[in-house]
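Here is what Swiss-Prot says about this protein:
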DOMAIN    10-109  domain 'EH 1'
DOMAIN    43-78  domain 'EF-hand 1'
MOD_RES   SER112  phosphoserine
MOD_RES   SER113  phosphoserine
DOMAIN    300-398  domain 'EH 3'
DOMAIN    333-368  domain 'EF-hand 2'
COMPBIAS  466-506  compositional bias 'Polar residues'
COMPBIAS  574-590  compositional bias 'Polar residues'
COILED    602-709  coiled coil
COMPBIAS  728-737  compositional bias 'Pro residues'
COMPBIAS  764-774  compositional bias 'Polar residues'
COMPBIAS  775-785  compositional bias 'Low complexity'
DOMAIN    788-828  domain 'UBA'
Amino acid sequence: MQPLQLSPIEQQEFDRLLESLHPEQKDLIPGSVIGPFLLKFGLPQKILAKIWDYCDQEDKGSLDRNQVYACFRLISQAQRGATLQELDYNKAGDPPILPKQAKDDHHIKRSSSETADFTPFRIPINPDERSEYEKEFRENLRGHEDSARPGCMPSSIAKPILLKSSLHYAVLAQIWNLADSAHVGYLEMYQYVIARHLVAICKQYNLIHLPRSLPADVIESAKSETPAMNTNIEQGVTQPSLVNTEQLSHQQSISSTKSSKLDEISADNNAQSAVDNKYSSPPQTIDPQANIKALITPEDRSNFYQLFSKIDNENKGYIVGGEAVPFFMASHLDSEELARIWDTVDTQDRGYIDKDEFAVAMEIIKLRLSGKSLASILAYDDNPTEPTMQQNLVSDDTNASTAVPVAFTNDNVSNVPLSVADNEPNSTLNLLASSDTAAFEPTAVSLHENPSSSLEDLQSAFQNTSFQDQVSTQNQANTADISQNTESGSSTQGQMFGIPPTTQSIPLKMAGFPGGVNSSLTDIKEEEAVSENAPQQEERSFEQIKTSIHIAPENISAIEESKSVPLPTSFATTIPGSTSAALDDQQTTEAPFEEPDEPAHEPTEEEQEEMRKLEEKIESTKYGLETIQTSGKTIKQRIEQKKTRLMILREELQELDAIKEEAQKQISQSLIADQQLSTQIGSVGMGKKQAVKELRKLQAKIDSIIADSMSPMGTGAVNSPAIKPQVTPAPPTPAPTPAVKHHPPPPPVRSSISPSMPPAPLTHANSSTPMNYVSQPESPPQSYESIQNDNELLQELLSMGFPREKAVIALEATNYDVNEAANILLSSV
């Protein structure tokens with residue numbers, strides 16, 4: 001890898017990151033040191049693995065300083081949205097960002113977004129700039145317009161355009177939240193103009209924090225003269241993140257008038273914040289996360305971490321809004337509350353949260369479901385959208401506000417549902433002010449000091465108030481009514497203590513549970529058996545009634561007229577009898593418990609609907625479990641089949657190995673035999689060469705003989721037995737007569753050895769040879785059979801096409817062996 005040319009900023013930041021590792025060898029960092037450090041940048045492990053492969057091309061398992069620089073560059077590009085194909089370590093850019101560093105800075109001080117100067121974001125959009133962005137909007141939308149949302153650009157087109165700006169994805173998430181505040185996944189023309197305008201501002205001023213809302217004049221400057229299709233950008237002040245949250249859009253119902261006021265309030269707050277930040281230190285505010293973290297129990301924290309691990313299946317160390325919102329939606333909280341919860345934990349508007357922030361969000365949701373309002377949980381309201389419950393109460397009766405019990409003070413006033421203020425007259429506060437609240441202080445304190453208590457704890461807190469304390473305040477009817485009107489009890493319980501049934505009461509309902517504190521547990525406890533200590537509790541309760549209260553005769557008739565009403569959840573029976581005698585009998589005799597004629601609680605339509613949904617969910621879960629079990633069995637069968645197949649393949653492999661060994665042995669034997677044959681062939685070749693030499697010598701001899709025989713002066717051929725004329729004794733010639741004086745010439749001598757024509761004897765008269773030749777002794781004549789055999793051998797060679805002269809010589813040389821003669825003639829060809 002060639003040395004990289006780093007910019008001054010990159011050189012400084014890369015060296016700082018390397019110094020934070022404290023490696024033993026600064027020029028060679030092992031993978032065990034640099035690997036865990038790279039995981040802190042928040043990228044998926046698959047991308048980090050590819051980046052490592054790009055840098056460690058030699059697979060050494062360690063990186064030198066130049067390779068670490070290249071790794072930092074690639075991580076920075078990946079953080080800014082570059083794909084794996086677009087990564088290039090030769091391209092300079094901004095240093096990478098450590099999410100952990102931003103988290104540590106948040107624990108030290110408030111986010112810089114609270115003290116940042118948002119002045120550039122208050123500048124209205126220039127008409128020329130708006131026209132340019134509108135033209136760009138039309139060009140990119142042409143041919144891609146959705147028929148369901150005409151005139152709107154889908155996120156699949158808008159987001160790639162924004163990614164070309166090379167801004168960090170966290171900054172782009174904030175820009176998208178401000179543009180598509182309703183989170184419908186589409187941008188209108190003016191929203192696209194706002195998004196492009198914010199991109200230009202962030203690039204020009206190098207900003208990474210954006211305000212949570214834009215001033216109204218900036219939004220208006222993004223709109224052209226033509227009215228927009230809708231105004232969903234004004235339908236929210238703060239939204240969680242850059243995610244597809246169409247599930248939330250149908251729940252938003254804030255009016256445009258109300259939102260415009262909020263925009264003005266937000267603009268004023270931003271302006272005032274800028275002035276305060278410029279001339280003074282940042283305001284000290286209460287961090288809700290610190291308070292809520294202290295409320296999380298170790299068991300809950302462990303459960304929240306497990307849920308976080310299931311959502312973060314890639315082990316990134318954080319989850320984005322698209323992963324968290326569907327999970328948070330299961331709480332059935334309002335979308336505005338979920339958005340507020342998200343903003344509470346994502347204080348830097350990064351668009352993602354870690355597991356600690358996720359635990360805080362889950363704890364807030366848990367507290368919210370327990371009945372506490374979001375404002376009381378967070379201990380302050382950053383962006384109030386409507387008057388608080390406390391203001392409504394004070395406007396009704398300012399004198400009574402100081403007499404409200406502890407449970408309804410500033411931090412807990414929102415626990416009172418809206419139905420209290422709407423349905424009860426002003427006398428309600430007077431009743432609270434004039435009543436003795438000592439009996440209710442334990443309940444109030446338990447709610448205030450331990451807001452994370454479970455629903456069962458809340459129920460027991462209301463039930464632990466002794467009946468003796470309630471009876472001691474029987475003349476204070478209003479206070480008794482407060483304790484008597486929990487959902488588990490009935491309004492007629494006050495009649496037992498001599499209180500008229502017409503007295504108004506305040507139901508202690510908790511926000512989020514329409515049926516009251518105990519209603520959330522009613523459906524669950526209806527199917528459970530009666531507690532074992534229920535008889536003892538009722539017996540003790542009646543003993544307290546017997547010893548602490550005297551029922552007036554006029555109240556007995558009221559008891560007789562009243563219907564059988566169930567006691568609170570702790571009790572399982574009603575008061576038997578309707579006369580004072582029956583009551584006296586019940587005080588002295590332990591009467592058996594009787595089941596009430598009417599059910600203790602008739603489920604409402606909403607509860608029935610919820611129960612139906614739960615049943616459907618249970619059935620769906622059962623079906624899912626059955627499907628999983630079936631799939632598990634199928635997978636198990638496939639595994640067994642694959643194991644069997646693997647065993648078969650192993651056996652076949654062993655057989656193939658045996659065949660291979662046998663083939664190798666045969667090949668070795670064949671090679672040995674081949675070598676032996678080669679040796680034999682070599683020896684045969686040597687013999688052949690020797691035979692050829694001998695044949696050549698013999699051929700030379702034959703050629704010399706033939707040459708001698710063809711020479712006219714040669715005598716070799718004459719003396720040869722093969723061509724030597726046969727001399728036969730001439731028949732006796734008659735004696736010449738004297739009368740004959742001239743003899744005719746003799747016939748010519750034939751050189752044939754044919755027995756039919758024997759050669760004529762040579763005489764002195766007709767022979768040209770010397771006389772001594774004639775007088776030489778002649779060889780004995782051959783037999784007729786021998787001559788006949790020699791002629792047959794000669795004819796056989798002649799039939800093979802050999803010349804006659806050479807055939808005769810070859811027969812002579814081989815002693816008339818026709819095979820040897822043929823070989824000699826063939827070698828001489």
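Placement of Cβ uses the backbone N, Cα and C atoms for every residue, glycine included.
Taken as a whole, the domain 'EF-hand 1' (43-78) shows an average pLDDT of 87 in this prediction. Under 8 Å from some Cβ of the domain 'EF-hand 1' (43-78) lie the Cβ atoms of residues 1, 3-4, 6, 10, 13-14, 17-18, 26-31, 34-35, 84, 86-89, 91-97, 314-316, all in the same chain and six or more residues away from its ends. Counting residues per DSSP class in helix, strand and coil order gives 25 helix, 3 strand, 8 coil for the domain 'EF-hand 1' (43-78). Residue counts for the domain 'UBA' (788-828) under DSSP (helix as H, G, I; strand as E, B; rest coil) come to 32 helix, 0 strand, 9 coil. According to DSSP, the secondary structure content of the domain 'EF-hand 2' (333-368) in residues is 25 helix, 2 strand, 9 coil.
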